[in-house]
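*Asks:* Below you will find the structure I want to go over with you.
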Amino acid sequence: MGKLDIIEKKGTERLKRGFAKMVKGGVIMDVTNAEQARIAEEAGAVAVMALHRVPADIRKAGGVARMAPIEKIQEIMDAVTIPVMAKVRIGHVAEARILEALGVDMIDESEVLTPSDPYFHIDKREFKIPFVCGNRNLGEAVRRIWEGAAMMRTKGEAGTGNIIEAVRHVRLLKDNIALLQRMTDEQIYGVAEKFAEPYLRLAFEVREISGLPKQVLENEPVYGHYTYREIVEGLYKILLEIKKLGRLPVVNFAAGGVATPADAALMMQMGMDGVFVGSGIFKSSNPPKMARAIVEAVNHWDEPDVLVEISKEIGEPMRGQDIEELEVRLEERGV
């Protein structure tokens, strides 16, 4: 079976979300080479994320962060039997098409890389491969799900080893869902209209440049071939589903700042479906032990006595950064 045949089998929304459910309850680790990928697999990771650099090094290097080199991704794909994911820049359709043709298992449209489109994220429904996207709140999550994301994650603040932003994003999302469940359908439609406003940014900017009022026609496309009203209706449908379920309709992982087994357990205690670990493994003093400990912490998140043993003799975690001292906030990228 060729790679394109495999992609074809991933195509429907049901299959895309089904693939995401396969990694539920697990840990996905960032890796930059075959050796790291094998360490992750041996530690029990359910998947790996192939990058050129881990987020801490991306932050340190500065400049423009792009999709990892194809040779690097292929090296990682050849090294492990677990699923391999890879990141593309926000809005970069060409990078996504390349990864789809390469045959990775999932694409992360990621704020960790330098965004390529200041207005829009990729319309993920145009692809057969599943996507995961980050969110800071319910609005961002609903927009990404409407665009076709099969899996969500918190943005956190990648590369810092500081869990505070991931906690913030989980709390904002959960409390907004709780509020949604107390709202009438009419009120929820108003929320959908509010959440759809970012799709108007380009149209409004063009009108401002042209000296025209910031208004769009009822039948005017504002995102691909979708009108503002069509977007509102789509978001409204997802919001009603969230109200009914009491959670997002897709798998939702924690990401951004997970650096210790305790961090991973905290995210699971807060109701997340699993954990992404970026720099926290390979910026620690003993990556194999830290990797295994974080996997075990996710498996035993509600067993404090077990967590005590898991947290022993695992070496030093990565050096963390105070969020208030950051010059660049990766979480603010995207809309």
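Positions of Cβ are set from backbone N, Cα and C atoms, glycine also.
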*Asks:* Swiss-Prot has Asp30, Gly159, Gly278, Ser279 binding D-ribose 5-phosphate. Which one of Gly134, Gly139, Gly257 is in the same site?
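*Replies:* Matched candidate out of Gly134, Gly139, Gly257, per Swiss-Prot for D-ribose 5-phosphate with Asp30, Gly159, Gly278, Ser279: Gly257.
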*Asks:* Run through the Cβ atoms and count how many others sit within 10 Å of the one on Gly159 (D-ribose 5-phosphate binding site).
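*Replies:* The answer is 27.
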*Asks:* Have a look around Gly278 (D-ribose 5-phosphate binding site) and count the other CB atoms within 10 A of its CB, chains all included.
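*Replies:* Counting Cβ neighbours of Gly278 (D-ribose 5-phosphate binding site) within 10 Å gives 28.
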*Asks:* In which DSSP state, out of helix, strand and coil, do we find Lys87 (active site, schiff-base intermediate with D-ribose 5-phosphate)?
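*Replies:* DSSP call for Lys87 (active site, schiff-base intermediate with D-ribose 5-phosphate): strand.
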*Asks:* For D-ribose 5-phosphate, with binders Asp30, Gly159, Gly257, Gly278, Ser279, what's the maximum Cα separation in whole Å?
*Replies:* 12
